[in-house]
Amino acid sequence: MTAIRNMSEFHKRFEAAEHKVIVLDFYATWCAPCKDIDKVVKALARQYVNKVDVIKINVDRFEDLVETYKVRSMPTFVFIKNNRKIGRVIGADEHKLKQTLSKVCK
């Protein structure tokens, strides 16, 4: 789980994920709910290390990605597998995040 620094890194991480589920974690440094859920996201990234690749995206730095994935509130988690969106969780809902990850990683 790493915060991307540029679009090149985003594309490399995306391609390197191969058959894993990619979780795009849209956050902002000033977003309190984003900070609250961060520990849970890190724990889930460790738990699903062989099945998931979490890519953290700062909404203030990557407006193109925010627009592409239609992010309107934070945190927003977008789940992608084989270049297809397979799920989305909006808000710092720990239960829903765990439930969605469990479902998409089967």
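Backbone N, Cα and C atoms are what each Cβ position is placed from, and that goes for glycine too.
Per TrEMBL, these features apply:
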- 1-106: domain 'Thioredoxin' (DOMAIN)
- Asp25: site 'Deprotonates C-terminal active site Cys' (SITE)
- Cys31-Cys34: disulfide bond (DISULFID)
- Cys31: active site, nucleophile (ACT_SITE)
- Ala32: site 'Contributes to redox potential value' (SITE)
- Pro33: site 'Contributes to redox potential value' (SITE)
- Cys34: active site, nucleophile (ACT_SITE)
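A distance of 14 Å separates the Cα atom of Ala32 (site 'Contributes to redox potential value') from that of Asp25 (site 'Deprotonates C-terminal active site Cys').
In this structure the C-alpha atoms belonging to Cys31 (disulfide bond) and Asp25 (site 'Deprotonates C-terminal active site Cys') are separated by 13 Å. Taking only the Cα positions, the spacing between Pro33 (site 'Contributes to redox potential value') and Asp25 (site 'Deprotonates C-terminal active site Cys') is 12 angstrom. Across the structure, Cys34 (disulfide bond) and Asp25 (site 'Deprotonates C-terminal active site Cys') place their CA atoms 9 angstrom apart. Broken down with DSSP, the domain 'Thioredoxin' (1-106) shows 43 helix, 29 strand, 34 coil.
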